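Input: a single structure, listed below in structure tokens.
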């Protein structure tokens, strides 16, 4: 007994594990698989963990998840789904400026609060005009004013119930013959708050609620569908107008200024300067240009992997930094160009520097599972950008196909020859637009179907919350505070430890995550 008994009770606890500073000052470049976080003390449930985190200096998300601006990951469908679940999507720019701006517009109009620029028709318009508007915009609850414009007198409204059973030969009828007349409408006065208007709409059991001024002129409208979205998606990321947040990628060339203008006109909330190596005079000049022309527009710079790179972009005025070079599953930059940095080291080093200036960091690349997300956030990142993890979800662009009985979607790096051949923007990202010989920095592949974002992202959220619970932190802010104070401890993993930490010693198994 004397061999292992020590007097004095349990007041003595030996120092265990490494601080983040000790872990990353060893001189080795570390990936997310090279270390683990040591557990802490639990006195709360996982669903109490607050995942609120900063995307930029002025934009805060309730979920620290961001979809990558890749043409096989984020267009309007993905951006809408990400915003509804508390994150944000960045529309790719491997397309025409007009297409990209229209995708942003779709996101901004998906949920609107007070709609101040609705589709409006006049009594002399015809039924076929309603069907055309429905085909173009996806709805047919349209207010009718005497001139067919906003700001003129409200005379009625057309809903699906008014036109559902009309025969084709009736499509030339005037709307004044079939619309619901003004005297039968429920309206709200101008100056009403959104909360009051929603309550009126709820009581009325109508699909739309027109807002009129003292002269009975239409000034806005709200939709019942938005009430349902508010109920179903309480974490949704919204701007001051109650529209969904949406980001977009642009390049750093002169013609990207035209793209920027269209995006700003469409209502984009934040732009990311999409470059494989962000520490360039081209990006610095573009940051300054955007800040001068659109001072309220948030700008994310990158990509960077060192404090020296980050310094130049912070000095130029960025509102956040995107960190990662060559760590993505489809990226071969490190292999081909011998430049880059292991992602865990890059995230820690840049985050530790950028926090001194209040600049949030987005960890971009190398995310293979929810554990990697938790590790990136514990190393100082405020949000995590995902490509392959979200590819092949229902909301990702592209069609499913089958190979050996497995349902797949195409996924490619923006530095792949495939993407470069599609549009010049991909070449600009890798400074290759003038090269006669293209050097691919990415590959094309396929990813297995993951189902809908509306099921997959809640799984990721729950995983992050459980990770924070095991750490003993009730919020991501507390996780980062524990890391910087040295309270949060880490441990390096040998290759054998990594094998031990995975599934092993089984003849066969099925791995279902959610």
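Backbone N, Cα and C define each Cβ position, glycine as well.
Positions annotated as active site, thioimidate intermediate by Swiss-Prot: 331.
According to DSSP, residue 276 (NAD(+) binding site) sits in a coil region rather than a helix or strand. Residues or ranges marked as NAD(+) binding site in Swiss-Prot: 274, 275, 276, 324, 325, 326.
Per Swiss-Prot, the feature IMP binding site maps to 329, 364, 365, 366, 387, 388, 411, 412, 413, 414, 415, 441; the stated evidence is sequence analysis. In the three-state DSSP reading, residue 387 (IMP binding site) counts as coil.
Annotation source Swiss-Prot lists SUMO2 cross-link at 195 (among others), citing similarity to another entry. The number of other Cβ atoms within 10 Å of the Cβ belonging to residue 195 (SUMO2 cross-link), over all protein chains shown, comes to 7.
Per Swiss-Prot, SUMO2 cross-link is recorded for 208 (among others). Packing around residue 208 (SUMO2 cross-link) is summarised by its Cβ count: 23 other Cβ atoms lie within 10 angstroms of its Cβ, all protein chains included.
Look at Swiss-Prot and you will find 438 (among others) tagged as SUMO2 cross-link.
The domain 'CBS 1' feature in Swiss-Prot is assigned to 114-173; the stated evidence is sequence analysis.
Here the domain 'CBS 2' (179-237) returns a mean pLDDT of 87 for the predicted model. As annotated by Swiss-Prot, domain 'CBS 2' applies to 179-237, with the evidence given as sequence analysis.
The annotation N6-acetyllysine is assigned in Swiss-Prot to 511.
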Item to check | In sequence order, the recorded positions (208, 274, 275) whose C-alpha falls within 10 A of residue 365 (IMP binding site) | outcome: none
Next on the checklist: Return only the integer: C-alpha distance in Å from residue 325 (NAD(+) binding site) to residue 387 (IMP binding site).
Outcome noted: 14
Item to check | Candidate nearest residue 275 (NAD(+) binding site) in space, where candidates are the recorded positions 195, 208, 387, 411 and distance is Cα-Cα | outcome: 387
Item to check | Cα separation, residue 324 (NAD(+) binding site) to residue 387 (IMP binding site) (Å, whole number) | outcome: 12
Checklist outcome for this item: Smallest Cα-Cα separation from residue 274 (NAD(+) binding site) among the recorded positions 195, 208, 411 is shown by 411
Checklist outcome for this item: All chains considered, the count of other Cβ atoms within 10 Å of the Cβ of residue 325 (NAD(+) binding site) is 28
Checklist outcome for this item: Among 274, 275, 276, 324, 325, 326, which the record lists as binding NAD(+), the farthest-apart pair of C-alpha atoms sits at a distance in angstrom of 14
Item to check | Rounded inter-Cα distance in Å - residue 276 (NAD(+) binding site), residue 195 (SUMO2 cross-link) | outcome: 44
